[in-house]
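In what follows, a single structure is set out as structure tokens and then discussed.
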Amino acid sequence: MSTKPELKRFEQFGEMMVQLYERYLPTAFDESLTLLEKMNKIIHYLNEIGKVTNELIEEWNKVMEWILNDGLEDLVKETLERWYEEGKFADLVIQVIDELKQFGVSVKTYGAKGDGVTDDIRAFEKAIESGFPVYVPYGTFMVSRGIKLPSNTVLTGAGKRNAVIKFMDSVGRGESLMYNQNVTTGNENIFLSSFTLDGNNKRLGQGISGIGGSRESNLSIRACHNVYIRDIEAVDCTLHGIDITCGGLDYPYLGDGTTAPNPSENIWIENCEATGFGDDGITTHHSQYINILNCYSHDPRLTANCNGFEIDDGSRHVVLSNNRSKGCYGGIEIKAHGDAPAAYNISINGHMSVEDVRSYNFRHIGHHAATDPQSVSAKNIVASNLVSIRPNNKRGFQDNATPRVLAVSAYYGVVINGLTGYTDDPNLLTETVVSVQFRARNCSLNGVGLTGFSNSDNGIYVIGGSRGGDAVNISNVTLNNSGRYGVSIGSGIENVSITNISGIGDGINSPVALVSTINSNPEISGLSSIGYPTAARVAGTDYNDGLTLFNGAFRASTTSSGKIHSEGFIMGSTSGCEASVSKSGVLTSSSSKTSSERSLIAGSSTSEAKGTYNTILGSLGAVADEQFAALISASQSRASGNHNLILSSYGINTTGSYKVNGGFEKINWELDSLNGRIKARDTVTGGNTWSDFAEYFESLDGQVIETGYLVTLEKGKIRKAEKGEKIIGVISETAGFVLGESSFEWQGAVLKNEFGGIIYEEVTTEDGVKFKRPLPSPDFDPNKNYIPRSQRREWHVVGLLGQIAVRIDETVKQGHGIDAVGGVATDGDNFIVQEITTPYTKEKGYGVAIVLVK
């Protein structure tokens with residue numbers, strides 16, 4: 001007996017016909033094709049069938065050869081004739097044709113009715129057990145328990161709302177309508193397409209949600225690999241519409257940072273819809289490598305944390321593209337519970353949220369308060385092209401939670417690039433439109449446009465305090481009547497950059513400021529404000545015309561530079577400049593550097609500020625060695641003492657402290673601030689014609705003596721001189737030098753020796769400078785207000801030497817001497833009259849002459 005031939009083509013016949021049918025025949029009914037294109041598709045389809053038929057004929061000939069060689073011809077003929085007479089052969093042909101038409105194995109082939117009444121669960125189970133692709137035709141197919149999906153399942157329907165799979169009213173609690181067979185370790189290679197899953201939650205009564213874990217969703221995929229879900233509608237769900245999760249019926253809570261074993265992965269959800277759900281429409285847990293695109297989730301049954309799309313505990317590497325949500329608590333919520341790892345590395349490429357409470361809500365529960373541990377997993381969300389339309393909470397979700405366009409809590413590494421928020425009813429959202437809060441950090445909001453939120457407190461608010469956000473970049477924002485404060489930064493926020501903010505506030509209810517920050521150290525630039533009373537309010541100070549603030553190392557208009565400290569700057573300079581320490585800078589200079597804090601070099605070259613609080617201006621080759629040293633227009637010079645200033649000099653080196661020096665190649669003058677002394681190498685001249693030397697004297701009677709009177713001494717005080725008395729001087733207004741003013745303190749403020757010399761003590765300043773300081777007098781009261789002699793009526797400037805204007809009578813002659821009568825000069829033997837400048841008149845009672853007093 002010959003060996004029975006292997007009929008490989010017969011074994012694959014059903015699968016091949018299905019593939020050909022799926023690929024070619026439906027195009028004949030595609031109205032987007034022209035008639036010529038339709039005909040070409042059909043002809044190509046028939047040609048492919050012909051190829052398969054030829055191969056089948058070749059294998060059938062092998063069968064016939066085997067039958068004939070082994071003498072089985074009579075048996076085969078007899079069997080075929082009996083099948084034909086009994087109708088079995090005809091039924092077989094009809095069944096094959098029907099299954100081909102229904103795209104694989106139809107559930108009706110296995111007895112399904114699809115009449116909305118009959119329990120079709122066994123038909124589904126048998127069809128799936130056949131191993132062939134299963135087709136669900138038009139109809140409502142009732143099932144009394146969940147449908148299990150083994151590996152390598154293909155289940156395709158006649159379309160959403162055409163092919164409906166629905167729970168019967170008799171189904172109890174805990175069942176999911178459709179789920180993979182092995183809920184612990186999972187299955188693989190599952191394809192679901194084109195039907196509706198109706199959870200019939202109404203059978204359980206009003207307000208019923210899931211009993212716990214991942215049970216009671218319309219579609220549950222647990223621990224599966226390679227799952228494609230397309231054109232599925234999930235309605236009236238007890239828990240979720242579609243749930244992608246790890247193995248097991250209960251969601252694991254293993255602590256932050258610990259993901260569950262057996263994740264689902266390589267999941268594709270496309271063009272699906274969820275509505276009437278009790279928790280979330282489409283959700284993921286502890287799974288990875290998931291794509292969700294072109295889906296619509298809307299109008300949940302309940303008002304708890306019911307989100308259109310929820311990427312939950314332990315989910316990672318998830319991409320959501322061009323989806324839409326409506327009427328949910330969260331349009332997209334990316335989150336985790338406190339004892340589970342947060343969803344991370346999530347990408348959103350386009351989403352439209354319509355009338356959700358919080359269109360985009362990113363949070364890690366249990367990690368928001370200042371006393372909570374910092375989340376280790378809430379990281380990496382990138383979202384672009386987000387749209388939020390009329391966010392509101394008319395239904396009272398989450399105990400009347402406040403609406404938001406976007407809320408970020410506890411996450412770090414969040415990038416938003418393109419977010420549009422719009423409302424035509426400003427009363428729907430009256431608090432904050434976009435918030436970064438509750439320990440969120442390292443977030444970037446770029447390309448944000450908000451329109452119509454004219455009753456809201458804040459357009460964008462980085463909430464401060466002990467659990468505030470931090471490290472936030474806000475850029476390229478357009479605010480159209482949105483927020484009394486356009487961008488608001490709370491207290492304690494140390495790292496914020498706000499750039500290119502444009503706001504129109506003339507339609508806002510009581511606008512305050514386009515940008516407002518509690519702290520004084522944000523980075524701010526590029527503000528454009530219309531209709532706001534002030535463009536920027538920083539640390540309580542208003543800047544009506546805008547403000548530019550930068551933090552960190554700063555270099556501008558500079559070809560190249562060396563090291564710049566984070567609190568240093570170099571501007572308008574050429575190569576070789578450094579500002580390597582904090583609070584230092586180099587401006588319009590070359591080859592210059594600051595080496596100590598709080599130092600500045602400007603308009604200089606090859607100079608160095610080595611000490612703290614150094615300043616070098618307009619100098620070449622200048623060096624400031626110690627603190628509080630300065631060189632201004634001083635080249636090739638060195639200031640080596642504390643509080644030392646060199647002005648307009650060349651080639652001098654100074655030591656000592658609290659001094660001002662100048663010179664050329666040597667020191668030519670010095671102001672000693674420590675001791676109040678002035679030194680000059682050459683002549684000291686006056687800048688006017690004043691020509692006498694004077695001292696302060698007190699009048700004997702305490703009254704004013706007018707200018708030009710000759711005075712004498714009595715009891716150490718002055719009065720008008722009389723004839724024959726010793727004239728000491730003249731009351732003068734032209735003294736070039738005046739001594740004894742006691743300008744700064746009471747003359748008895750310090751102790752003096754018997755000769756009037758000051759008694760000193762040696763002290764050391766806080767910066768280490770040693771010097772001699774006058775000993776304070778125990779009789780001196782520093783709390784008393786001191787009035788200098790120049791402001792007291794009893795004290796007078798008396799010219800003692802020089803050319804002084806004197807009151808004269810009619811006897812005085814040029815070239816003669818003078819005497820005094822009642823303080824008025826008369827002809828005598830004292831001094832010399834140089835010139836009579838105002839002749840004597842009886843009306844005035846005196847004249848004026850210039851007298852050389854010596």
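Glycine too: its Cβ is placed from the backbone N, Cα and C atoms.
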Per Swiss-Prot, Glu310, Asp312 bind Mg(2+); matching candidate in His285, His286, His298: His285
Neighbour tally for Pro774 (ATP binding site), based on other Cβ positions within 10 Å of its Cβ: 15
Assigned element (helix, strand, coil) containing Tyr760 (ATP binding site), judged by DSSP: strand
Secondary structure at Glu310 (Mg(2+) binding site), reduced by DSSP to three states: strand
Neighbouring C-beta atoms (10 Å sphere around the C-beta of Asp312 (Mg(2+) binding site)): 26
Additional residues around Mg(2+), ordered along the sequence, whose Cβ is within 8 Å of the centroid of His285, Glu310, Asp312: Asp243, Thr245, Asp280, Thr283, Thr284, Ile311, Asp313, Ser315, Lys335, Ala343
Site with most surrounding Cβ atoms, counting all protein chains shown within 10 Å, from the recorded positions Glu310, Glu695, Asp781: Glu310
Shortest C-alpha distance to Asp312 (Mg(2+) binding site) - which of the recorded positions Glu695, Asn753, Asp781, Pro788: Asp781
From binding-site residues Glu310, Pro774, Asp781, Trp795, the one whose Cα lies nearest Glu695 (active site, nucleophile): Trp795
Rounded Cα-Cα span from His285 (Mg(2+) binding site) to Tyr760 (ATP binding site), Å: 83
